[in-house]
């Protein structure tokens, strides 16, 4: 059964038009199209900004952000997995939820204008467990904002469309003045992933 599922996933992956297009354009991953769509709809990333990309590897969002902020801005990428270098991107190897990693980030920039997070928890396929893991991860990322996000800063975070998401959105509304829930066209249709775009951090 495991091999059948793996073969099905590989077949779907390589027939995906966004996977094909990302290879054709030499993007680091199909996630490039997601951040591009979010950016075009919301105009979040601007020249001169400092961006923190949490869970950055293989670097699709970091490279995209680097091009948007330009040489007057800066991108800090953080992941537990190594990532190939990108111009104007400072990569920090480490777990964002550990104090030592936050200290390393603060050595580059004390606070940032935008936090991006496209990471997912380990998925089991059991809804009750997966929903709980998503909300736990989302809450932990929201907590990171206290240490690293500037006042009036912005957050783009991946989440999971479920009943629990309403309560999490209320939490975000306590910290940000405005939020949007967004599902990019480039997300697979069967996927329940959504993106929360939050602006004007209240600090």
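Cβ coordinates are placed from backbone N, Cα and C, and glycine is handled just like the others.
Here Swiss-Prot has 59, 61, 79, 118 binding S-adenosyl-L-methionine, and the candidate from 42, 95, 138 in that same listed site is 95.
Cβ crowding, taken as the number of other Cβ atoms within 10 Å, peaks at 61 among the binding-site residues 59, 61, 118. Comparing residue 59 (S-adenosyl-L-methionine binding site) with residue 158 (active site, proton acceptor), their Cα atoms are 16 Å apart once rounded.
Across the fold, the C-alpha of residue 79 (S-adenosyl-L-methionine binding site) and the C-alpha of residue 158 (active site, proton acceptor) stand 16 Å from each other. On a Cα basis, residue 158 (active site, proton acceptor) lies 5 Å away from residue 118 (S-adenosyl-L-methionine binding site). Cα of residue 158 (active site, proton acceptor) to Cα of residue 95 (S-adenosyl-L-methionine binding site): a distance of 18 Å.
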